[in-house]
Ligand SMILES: CC(=O)[C@@H](O)[C@H](O)COP(=O)(O)O
Ligand SMILES: NCC(=O)COP(=O)(O)O
């Protein structure tokens, strides 16, 4: 079964716009779980523009599903993850000034750095995932560095899907096959939506987890959170 992890960054963006606690990030996370989410993803950025470090601590003891923390492994991030001990940490090569994640790791060039960082998380019993482009070589070097999983950066798939679905999915199938051959797990995320998710799933049904935030929270404005989560879950069935 492919798991749906709901990324709640955008709930925190809305909350932070007024400085109070509306909407309540923890309550929304718990409601997502009640509505069928298999996990919750957060991406605490250094400027705390959406998820704050305090949100990560607040969420940990209350979540009943899988908690996935994404981010660039700066010392403060490593410290936070080792203290909170989520089920999974996803390493993303983000510069603090980026609006959003826009590339995967060059796992070959960063092999030594990633190996050291992953070793700390692996030793703490936290499942590790490395954010990579749909490139078999990047998947291979993520496995060499000691990652339990890779997360394929799906923005190029989402952008190209409306023009030519077959061409858009082709490199993702190759990268996903490489992960399967190497015996590591497979996640995917970024710009997945109700438009493109089912086609992704049908072509790569062995994907372990998709993490989805921006489109899902936007759809919830029209459909409501419960129905939206159900519709995304329906996309993960053949
Ligand atoms: C790692 C990734 O793909 C991102 O989608 C991310 O978690 C979203 O971050 P923002 O919500 O800050 O755009
Ligand atoms: N890892 C991707 C993620 O958590 C959500 O990305 P998006 O759906 O907000 O683009």
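Quick reminder: no glycine exception, Cβ is built from N, Cα and C everywhere.
According to its DSSP assignment, residue 7 (3-amino-2-oxopropyl phosphate binding site) is in a strand. Remark: residue 7 (3-amino-2-oxopropyl phosphate binding site) has 40, 41, 42, 43, 189, 211, 212, 213, 214, 216 as non-local neighbours, by Cβ distance under 8 Å and separation of at least 6 in sequence. According to TrEMBL, the feature 3-amino-2-oxopropyl phosphate binding site maps to 7, 18, 191, 213, 214.
What TrEMBL lists as active site, proton acceptor is 43 (among others). According to DSSP, residue 43 (active site, proton acceptor) sits in a coil region rather than a helix or strand.
Neighbour density for residue 100 (1-deoxy-D-xylulose 5-phosphate binding site): within 10 A of its CB lie 13 other CB atoms from the protein chains shown. Per TrEMBL, the feature 1-deoxy-D-xylulose 5-phosphate binding site maps to 45, 50, 100.
Per TrEMBL, active site, proton acceptor is recorded for 70 (among others). Sequence-distant contacts of residue 70 (active site, proton acceptor), defined as residues of its own chain at least six apart whose C-beta falls under 8 angstroms from its C-beta, comprise 41, 42, 43, 89, 90, 91, 92, 131, 211.
Under the heading site 'Transition state stabilizer', TrEMBL lists 151. DSSP assigns residue 151 (site 'Transition state stabilizer') to a strand segment in the three-state reduction.
Annotation for residue 190 (active site, proton donor): same-chain Cβ neighbours under 8 Å, separated by at least 6 residues, are 100, 101, 153, 154, 155, 158. Annotation source TrEMBL lists active site, proton donor at 190.
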When distances run from the Cα of residue 151 (site 'Transition state stabilizer') to each of the binding-site residues 18, 45, 50, 191, the nearest one: 191
Among 45, 50, 100, the record's 1-deoxy-D-xylulose 5-phosphate binders - longest CA distance, Å: 12
Cβ neighbour count (within 10 Å, all chains shown) around residue 18 (3-amino-2-oxopropyl phosphate binding site): 8
Spatial neighbours of residue 191 (3-amino-2-oxopropyl phosphate binding site) that are distant in sequence (at least 6 apart) but have CB under 8 A: 154, 155, 157, 158, 159, 214, 215
Least surrounded among the binding-site residues, given as 45, 50, 214, when other CB atoms within 10 Å are counted: 214
Entries of 7, 18, 50, 190, 191 (recorded positions) sitting next to ligand 2, with Cβ under 6 Å as the cut-off: 7, 190, 191
